[in-house]
Amino acid sequence: MTAVTTGPRPVGDPPAGEDARARFFAAAPAPEGGAAPDLRVRLGSLTLRNPVMPASGCFGPELAPLVPTSEIGATVTKTVFARRRGGNPTHRLTETPMGMINSVGIPSLGTDGFVREMLPRYRAMAAPVIVSVGGLAVGEYLTVMDELAGARFDGVEVNVSCPNLEHGGLDIGTDPDAVARVVSGVVARTDVPVLVKLTPMVSSIAEVARAAEEAGATALTVANSFPGMTLDPRTRRPVLGNRVGGVSGPAVKPLALRLTWATAEAVGVPVIGCGGISTVDDALDFLAVGATAVQVGTAHFARPFVMAEIARGLAARCAAADATRLTDYVRTLGET
Amino acid sequence: MTAPLSRSLAERVVPLPPAARPEPTWDECRVVAHEPVGDRYHRLTLRAPSIADRALAGQFVMITIPESTPSRSVLPRPMAVHRRRPAEGVVEIVYGAGGAGTRALTEVAVGEDLLVTGPLGRGFTLDPGTRRVLVVGRGIGVCSVMGAVEDAVATGVEVVAVTSARTTEALVGPGDLAELGVERVLAVTDEAGDSAVPALRSRLAGELADGPPAQVFVCGSDRLAELCRSLGQEWGARVQVSLEAHMACGLGYCHGCATAATTTGSESPLICADGPVFALPTGGGDR
């Protein structure tokens, strides 16, 4: 038998020696100069070092030790509501074929709690901060924006699609007039770029996209998780405490890709593709159909460093094609 | 950590006081051993020096199901660190292959690598004054408490251990407990008919008549957690319980594993970040 070698040990120490995480961090591409391809993309006045950012709700400061945030384009916060919210009852998530379903219910500290407790932790990471703003009515979005006045962040993403909240009925994002009212109100209250995260659950995403663009949106994020339901095979009862939730992951990628393409065809502002992206090829698919940037969500859970992996992959693809700029490389995609 | 979460138990737990914990990492961990245990579990030995060296008792890891397996699982699986062997740079995990993801995991061969994130969560706290501790585990719940047994043994705290299972084959931990030199082990099974709560209760009362434990650690069964709560009340012992949940991130940012959240007010504690180990108030004078 092996001798007992365990016991209480000091805590708070950094990882000992070599592990894959340490090697990954150490392999960071050289910062400036040389032949590193230019991956920069612009969202209005905001220039990102590369087009890779997280999807709201699938990222947090807890990931800072696991992914080099100096290698991602931006961070996006969990959606902030004006008032503190507890979120939905358990179960809140489960796996589905090639994906997952969740109805977390967006617990929020409220705007003041967010500014006090969470925003500084986002600002401590080495990437621009995009604050996701939510509301259960047009007025709540504007209240959050008013309460954010004075706080420092680099962009806003207006979440007009919360398909998994218990406050059923039509999402604000399905009504082009309501979207326009929210977006113009938010734009009037900030100097930073305003992204609008559209809901996939509309008959014409082009119509909602144009309404957001005309109301002053800087860019459009397409899209959100898709409403769905899953049952426990033993009980034939819903797995989720909220009964229904949002489906995400590779299963929804073709759906999101079509919506991204349709939106990019319809508007002039940049589109940010989101839905089932977990590899550099997934990201290139979205860029090829007209997206300027991409958001990564569900893939964080299995691969916490996935955003940096995709960003490095984009650089490698550009370099392999002798492209000095990602925008040049993307232009060649789909050419025969 | 795949059993359904019991709301009644989860609603009654209280977070332990904050304590320092190691910063999580991730590693591509070589599988150095992987074999079935009895008829339902599998023991996985991973080369993971930075986790083996730093994991605290009761902490867990997230194991990513490889993309090469047919399950196409997008969620990693939370699993308790069963054994830490820092001198050899390995950790041991025991898991049940209940779903598609864990069944796919059983196909991963020795010599292949698995992506592991950890160590994660708030573990068990062995209080400085504790001279004797009772640990109780059902099935693979034994894995969550085994780290606390390692710590207790290393610091000279006497351990009384209960490992419970449906069958003798499915018992987890007898070998580990023997290796660690724990002599007072009650291995009980449904098969033998000695795992029922009333029977176990009277055995424990007899076994510990010479002096009740100051602390009780339990995992893997709501009924056993309730027994521990009741015994803890009787003995004036402090009870800690490790909970199980569906998880996605394991770190706290996805908020998928709240213990008993409601739609109003503040969110209840997260099992991954505030737990998985919580205090279970006994109703006595413990906390």
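Including glycine, each Cβ sits where the backbone N, Cα and C put it.
TrEMBL annotations: computationally assigned, not manually curated.
Pulled from TrEMBL, these are the features on record:
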DOMAIN    A:39-316  domain 'Dihydroorotate dehydrogenase catalytic'
BINDING   A:SER56, A:LYS78, A:THR79, A:ASN159, A:LYS197, A:GLY249, A:GLY275, A:GLY276, A:GLY297, A:THR298  FMN binding site
BINDING   A:LYS78, A:ASN102, A:SER103, A:VAL104, A:GLY105, A:ILE106, A:ASN159, A:ASN224, A:SER225  substrate binding site
ACT_SITE  A:CYS162  active site, nucleophile
Round to the nearest Å and give the CA-to-CA distance linking A:GLY275 (FMN binding site) with A:SER225 (substrate binding site).
7
Spatially, and counting Cα to Cα, which of the binding-site residues is closest to A:GLY105 (substrate binding site)? Options: A:SER56, A:THR79, A:LYS197, A:GLY297.
A:THR79
I'd like to know which binding-site residues lie near chain B: of A:SER103, A:GLY105, A:LYS197, A:SER225, A:GLY275, which have a CB under 8 A from one of its CB atoms?
A:GLY105
Mind checking which of A:LYS78, A:LYS197 has the fewest other CB atoms within 10 A of its CB? They're the binding-site residues.
A:LYS78
Around the Cβ of A:SER225 (substrate binding site), the count of other Cβ atoms that are within 10 Å:
30
Going by Cα-Cα distance, which of the binding-site residues (A:LYS78, A:SER103, A:ASN159) sits nearest to A:SER56 (FMN binding site)?
A:LYS78
Counting only other Cβ atoms and using a 10 Å cut-off, which of the binding-site residues A:SER56, A:SER103, A:ASN159 scores lowest?
A:SER56
Go through A:THR79, A:GLY105, A:GLY275, A:GLY297, the listed binding-site residues, and name the one with the sparsest Cβ surroundings, counting other Cβ atoms within 10 Å.
A:THR79
10 Å Cα neighbourhood of A:ASN159 (substrate binding site): matching binding-site residues from A:THR79, A:LYS197, A:GLY297:
A:THR79, A:LYS197
Could you tell me the C-alpha distance between A:THR79 (FMN binding site) and A:SER225 (substrate binding site) in angstrom, no decimals?
14
